[in-house]
Amino acid sequence: MPPNEEMKRMPTPLPTDPLRQFTRWRDEWLAADAQAPDAQAPGSAVLATADHHGRPSARWVDVAYVDHGFVYFTNHASRKAADVAVNPTAALCFGWLAKGRQVRAEGPVSRLDEVESDTYFATLPRSLQLLAWSSDQSAEIDDRQVVRERFDAERARFSGQEVPRPAHWGGYRLTPEEMEFWQRRADEIQDRVRYRRREEGWQAVRVAP
Ligand SMILES: Cc1cc2nc3c(=O)[nH]c(=O)nc-3n(C[C@H](O)[C@H](O)[C@H](O)COP(=O)(O)O)c2cc1C
């Protein structure tokens with residue numbers, strides 16, 4: 001087997017910590033494939049939520065960091081935030097397609113405390129901080145100009161001072177209870193490994209592709 005095909009296997013024995021394995025794949029994407037002009041950010045993933053009728057919706061988010069869970073930031077009035085307020089479990093799907101890789105994570109979602117959201121907000125570029133003040137995310141608007149005018153007004157309001165985090169913006173953590181790794185292989189028998197969180201730790205099993 002050519003060495004690059006060998007690289008594409010999930011290691012044997014299976015890694016015990018799926019979050020560490022996630023980080024390994026993300027870093028491999030960062031090192032090799034993130035240079036392509038159309039490459040997505042290594043932390044971008046599709047987030048699926050469901051409303052109180054169980055009606056699903058999905059959209060991309062940037063996962064800002066990974067600790068014991070996957071942390072993303074958004075507007076608390078957005079559809080995805082309204083969904084998790086009534087139905088606090090969600091799914092994330094990362095796709096590093098040039099590598100033929102997919103990682104899925106499912107589990108409960110909780111809102112970060114104010115201090116953690118403040119800390120992350122302070123690291124954002126000023127333009128994104130001002131946008132967080134200017135956009136009622138997911139509200140219907142007549143024209144982009146509405147947001148542009150509000151952006152200019154917020155820029156003037158905060159001129160010469162730090163931009164504080166607006167109360168309507170903050171972070172969420174999806175703490176995975178189940179994760180799955182999928183790897184396309186040249187021999188066409190894909191590698192597929194599922195992890196389930198148990199009281200004693202993660203349980204890993206191979207799954208038929
Ligand atoms: C690559 C990519 C990354 C995105 N990252 C975020 C994000 O981190 N937070 C966010 O609120 N929206 C992000 N968006 C926009 C969302 O996909 C979505 O349009 C928006 O959050 C409104 O979604 P909702 O009405 O379903 O809540 C991103 C879009 C793309 C294409």
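Keep in mind that glycine also has a Cβ here, set from the backbone N, Cα and C atoms.
Annotations in TrEMBL come from automatic prediction, not curation.
TrEMBL has this to say about the protein:
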- 40-152: domain 'Pyridoxamine 5'-phosphate oxidase N-terminal' (DOMAIN)
- Phe73, Thr74, Arg79, Lys80, Gln102, Gln137, Ser138, Trp182, Arg192: FMN binding site (BINDING)
- 169-209: domain 'Pyridoxine 5'-phosphate oxidase dimerisation C-terminal' (DOMAIN)
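Taking every pair among Phe73, Thr74, Arg79, Lys80, Gln102, Gln137, Ser138, Trp182, Arg192, the residues recorded as binding FMN, the greatest CA to CA distance is 37 Å. Note on Arg79 (FMN binding site): other Cβ atoms within 10 Å of its Cβ, all shown chains, come to 15. Ligand 1 lies within reach of Arg79, Ser138 from the binding-site residues Arg79, Gln102, Ser138, Arg192, judged by a C-beta closer than 6 angstroms to any of its atoms. Over all protein chains present, the Cβ of Ser138 (FMN binding site) has 14 other Cβ atoms lying within 10 Å. Residue counts for the domain 'Pyridoxine 5'-phosphate oxidase dimerisation C-terminal' (169-209) under DSSP (helix as H, G, I; strand as E, B; rest coil) come to 0 helix, 26 strand, 15 coil.
DSSP classifies Phe73 (FMN binding site) as strand under the three-state reduction.
In the predicted structure, the domain 'Pyridoxamine 5'-phosphate oxidase N-terminal' (40-152) carries a mean pLDDT of 94. The DSSP secondary structure for Ser138 (FMN binding site) is coil.
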